[in-house]
Amino acid sequence: MAKNYEEAVTKDESEIKYRGIKAMPFVIGNETFEKLGTIGTSSNLLVYLTTVFNMKSITATTLVNVFNGTTNFATLPGAFLSDTYFGRYKTLGFASVASFLGMLILTLTAAVANLHPPSCEADGKSGPCIGPTPWQMAFLLSGLGLLVVGAGGIRPCNLAFGADQFDPNTESGKKATNSFFNWYYFTFTFAMMVSLTIIVYVQSNVSWAWGLGIPTFLMFLSCALFFMGTKIYMIVKPDGSPFTTAVRVTVAAVKKRGLQLPEQPGISLFNYVPKSSINSKIPYTDQFRILNKAAIMTNEDKINPDGSAANPWGLCSMQQVEEIKCLVRVVPIWISQVIYYVTHVQQQTYTVFQALQSDRHLGNTGFKIPAASYTIFTMLALTFWIPIYDRLIVPKLRKITGKEGGITVLQKMGIGMVLAIITMLVSGLVEEKRRSLALSNPIGMEERRGAISSMSGFWFVPQLSLIGLSEACTVIGQVEFYYKQFPENMRSIGGSFLFVGMAMSNYLSSFLVSIVHHTSDWLPEDLNKGRLDYFYYVVVVLEVLNLVYFVVLARWFKYKGSGGSASEIGMENMQSEKHLV
């Protein structure tokens, strides 16, 4: 199948040259510095809003959840514009500049005194702290808005743009692509570790101006590194709106809903594939057969000389129908991942508040670990696990199962979901211990909150490590799943599905927090007066139900390019490999 690729500079070459590894320093470097910048800015945003902008915990948590949700949701329109009009290269370039400008504005809110409210100590009042003025909030939100625009373009395109650099038609290219997914996430977690340690430390112990200025400079380096690699990039041309095809198939199927499908769908239905298509040929599947009616040829349907349908709104090819089936099949799996990611949101928000009311001293020293830095253990677990899994475990599993990835993508995601349930159970038990010691043996008071528990903050390490392992399985599995299950002309949109799912998780988490906060006393400002552990157990119940839902879906799912369901190709039953053809 021909590929509509073009090289960034050499337009006259008749053969495509995939630069692969040579392009990786620029692609990975851009991603690493971008993550160092944006995560260095956003990872401690909760603390910044409560200490510098004097917001209440519930207000700051809601704003951070909405910001994270909107940031991730913006990846969908960003991916659509990339796949339809601009291509991944232009989208990444524009988005990188937008992120840099957004971070520059946030830095100014910390560096310029008039752009944030006075500190609680500086205002000299014993009453409530002075909150931000409307124009201070407007300036802050404008910076956050530019970060949303930047993330909307970078997140769905960066991974697909990197994978574009490898030849998908060779064995070495396929293996390199599979490894790229793991190592891409490895550099991502490395950037997060640096952000959650060095940058967060500067923000908490030196100054917010320097703490936000350093990530801004790193984002500038990200922009520079990306544009430096322009001459060797392989650039995929946008192939028109993939949503138009989806609408056409739906309209044609509705128009022909009264017709009977032929007995041999793969042979009797309209099956034209344009030579210019960048999508690989997809075999016929028997799911969602009502959509097949869009490919039924009648006497009224006319065919162009090149074999295409004269009226694409009345007749679609089986290739187009199967491409839309790929999208429809993915959506139920995506819904399960929306619920799964609620566990991550809790570890990123309430664990910070728990750490603030715990003993954060490093041993017997006077050094106090910043509350937001504890999530570094999630990154450490992920960073240690990925090389071990990619270099040691996958080759052994490959010999046992005969599968390219060792196990199927859905199996990997399912393992991560089980680990997420264990994470929330452990989180509930740790919170019980923290609260009990805070009430019986406090070691001090946290300003505007309450008693500090004598429990060491290192008790949070098990739950944070578990969620890191869960992420290594489920989130990386999602990245690979969406990239491989979407048609080639929708891969940026496929990349956005991960982040849109995270966005919905943030909104869902905010909804759960809001409901629990208004119907119970579990989540007060002082966690010692509430029962955060009960809230964690509610999330456990939700995740167990979600796991059951996912397993049912996984057994039903049919992978792209296979006529068999996921269970038939090894999702739940390895013996069923004999059914493969």
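Glycine residues also receive a Cβ, built from the backbone N, Cα and C atoms like all the rest.
Listed features, source TrEMBL:
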TRANSMEM  92-115  transmembrane segment
TRANSMEM  135-154  transmembrane segment
TRANSMEM  183-202  transmembrane segment
TRANSMEM  208-228  transmembrane segment
TRANSMEM  369-389  transmembrane segment
TRANSMEM  409-430  transmembrane segment
TRANSMEM  493-514  transmembrane segment
TRANSMEM  534-557  transmembrane segment
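The stretch from 135-154, 183-202, 534-557 that makes the most Cβ contacts under 8 Å with the transmembrane segment (409-430) is 534-557.
With a cut-off of 8 Å between Cβ atoms, the residues of this chain six or more beyond the transmembrane segment (493-514) that come close are 58, 61-62, 65-66, 68-73, 75-76, 78-80, 83, 151, 155-160, 242, 330, 334, 337-342, 344-346, 349, 475, 478-479, 482-483, 485-486, 523, 535, 538-539.
Beyond the ends of the transmembrane segment (369-389), by six or more residues, the same chain brings 43-44, 46-47, 182-183, 185-186, 189-190, 192-193, 196-197, 200-201, 203-205, 347-348, 351-353, 355-356, 360-362, 457, 460-461, 464-469, 471-472, 476 to within a C-beta distance below 8 angstroms of the stretch. Residues 329, 332-333, 336, 339-340, 342-343, 346, 350, 410-411, 413-414, 417-418, 420-421, 424-425, 427-428, 431, 512-513, 516, 520, 522-523, 565-567, 571-572 of the same chain lie 6+ residues outside the transmembrane segment (534-557) yet bring a C-beta within less than 8 angstroms of a C-beta in it.
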